[in-house]
Structures are given as C-alpha cells and as structure tokens.
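Annotation source TrEMBL lists divalent metal cation binding site at His122, Asp160, His368, Glu372.
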Amino acid sequence: MLYASKCRTELYINAISCVLTPDTVLPGFCMLSSAHLLPTSVRLAPSWICRSSRSFMDLKALLSSLNDFASLSFAESWDNVGLLVEPSPPHTVNTLFLTNDLTEEVMEEALQKKADLILSYHPPIFRAMKHITWKTWKERLVIRALENRVAIYSPHTAYDAAPQGVNNWLAKGLGTCSTRPIHPSRAPNYPTEGAHRLEFSVNHTQDLDKVMSAVKGIGDVSVTSFAARCDDEEQTRISLNCTQKALMQVLAFLSQNRQLYQKTEILSLEKPLLLDTGMGRLCTLDESVSLATMIERVKGYLKLSHLRLALGVGKTLESPVKVVALCAGSGGSVLQGVEADLYLTGEMSHHDVLDAASKGINVILCEHSNTERGFLSDLQQMLGVHLENKINIILSETDRDPLHVV
C-alpha cells in the first residue's frame, strides 16, 4: 500500500484541519499517485494530529504576549527564565506545548505532536553549559530542539510570584480563604529617576539661582523646589531624585557650602510593592478545619493517594487549622520563620521540618512537582484566552513527578 508523501498537506473536513502524515490514509482511498485514488480501508491519524484550525504567531510576538501575561521581572534574581533555546529566525509557532519538566521522554512527545515552542515550567538549562554534545541528557535536549526547530521557554519563579500563578492555584485547594504573598515582589523600576532623594533648604535668591544651575547640570537628576518656612524665615526647599552616581556629585557640590551641607537630608528610596505578587502565600481560612480534613482536601486537589506529614509538637490530626503558609515546589527558605498552623509545600530539608515541628507547626510535603503540575491545566485555559486562541496549546501526557511511593 502506498501512502501520501511526507510533505505536510492539510485537508479541511467539517471545518477541522488534519495534518497528513506518512501513515495517513484518506477515508475510503489509497493514494497511488497524485492523480489516482483507489478505494481501500479507513485509517485515521492520531487524535492529537487533528487540530482545530488556528493561525500562526511569530515567536517574538508570542514571547511578548507571554511576558504581558506574567512578567519575567517577577522571577527571582538567581533564576534562569525566558527564552532558553531559539531556532534561527524567523520562527513561527502553531503549537505551544506545556510541561512541568522537560525530560527526554517529554521531548519525544513534544516532537511527535509537532510542537513549535515548549513552555517548560522548570528551566531545563540552569547552570552554564560549556559544550553541547550527545554526552548528557540536557545537552541532548538542546540538540534535538535545534535540529527540529523547536524553541524552549521557561517562566519558573515568574509564575510562582504572579497573581494568577502557581501559588495562587495551590491555595485554591485549601477551601475558601484570603491570601497574600509571604514575600511580596517589588516593581522592576523606581517610580522616579534614581534610588535616592536628597533635600535641603536655601535662604537667599542669589544662592538659589547658583544652586539650581549647578544641580541641573548634573546628569540623572530630577529637581523640584517649593516654598518653605523654617525658624520664621522664608526659604526654598530643594528636592532631588538621583542615581547613586549623581548623588555623589551633588554631595561634592554641596560640601563646598558648609551651611547647605549640614542641613542636607538623604533618603534611600524603595521600589514599590506589587499588589498580590510575590513568593509563597499566607492563607487564612474563613472557617477553621481539622488537620485531618485539610489533609484530605490537599490529597483530593492534587490527586494524590499519599503525602508526607510531620505533626507539630503537641498537635494531633484533630488539631484546628486556620492559617496555612504554602509554597509550591521547594518551600523551605520561603516558609522559614512564618507563623502558621500548617506549612504546605513539595519538599523541605529534614532540619527545616524539625524546626517547624518544634514550634508546633504541622508540615505537609507532597513531593516537589506534585505541587506545581496541576497548574498547567489552568494555564492552558488562561493562555488560550490571553492569546485569543490564535495557536494550539496542548499539555504533556508523559510529564510526571520522578518519585513514587512503593
């Protein structure tokens, strides 16, 4: 039996676009040549090959939209997020493939499903690679991606911190509660130019003109002035916002006038906090429940038959739980020192668990990626709306936590 050529050809049947593969046979026909069709048996392509008709998105435009959905500036400074592997441009994306971890098994699945961009929550490239060979599995991922023109993108802690991200998804499994970030994120930029504010007063008009002329000549400085009264004397208050470098230049100028210099105030500005954004979540339940009830809620929400529990000193399964501190993945550093009835995370070190339990805090551990992977189903829906259904978005079926209870 001869089959259609390996060229990707699209048939439109009932408004559904199906990609022909070498194993595809048209219903009721066998292709002998481009001009001859003979009746034969029906063989349909796998379900994932038949896709609703979608348009393509340019990779750069798609990356911009993903950043609008959850800014990479939310990520921790130590993290490696964003576009990790890029085929030579231009690169268009028809299928976006979502996975929690990009293993070789998952890569094979992504290639079979004709993915153009893999969004891997965990970055498959974290430490610097000194060479790209067939020797290690992570190097092989890069090679296979480039050979097959597949881009790889990782959001990781940017999605942890995002208001609609992983930790907010995890909090939904607790029951009705109010939440706030444990460690709030800050805006990437200062609201004004520079990280420092410097203020001083000038008495005389002649001095004012000289001072204003001098400070305005320094780069990276924004200047405002307003009338003020001090010790029954009319003065002009000068306020400068400036960078660290400009601050030293302003101080060098002011030091030439001892009276001005001695009355100078310097404030260190902070970047503003971002609403509902940051690492971890502190969740206060509307109504207290027993620890046993909370365990069942978590197991049901994460679809787990088992989890690990450390009882806090003096606590039992009937002890009430009102406040839960949670962090998807590895939460030891985020949860440390937080006052709560229960810590919920994927994994913590032995000594962090002992420390929490000694303070009467119960600890639930679900294994690292079990507290993250379920978010991808929500992400698939949210990105579909955000991207206006312009591309296909599919979930990995082979991605799973590497640890099992036996």
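The backbone N, Cα and C atoms fix where each Cβ goes, glycine too.
Distribution of TrEMBL features across the structure.
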residue : record                             : Cβ neighbours (10 Å)
His122  : divalent metal cation binding site : 17
Asp160  : divalent metal cation binding site : 30
His368  : divalent metal cation binding site : 21
Glu372  : divalent metal cation binding site : 25
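Note: the divalent metal cation site is recorded as His122, Asp160, His368, Glu372; in the same chain, Asn100, Tyr121, His156, Val166, Ala328, Gly329, Ser330, Gly346, Ser369, Thr371 also have Cβ atoms within 8 Å of that site's Cβ centroid.
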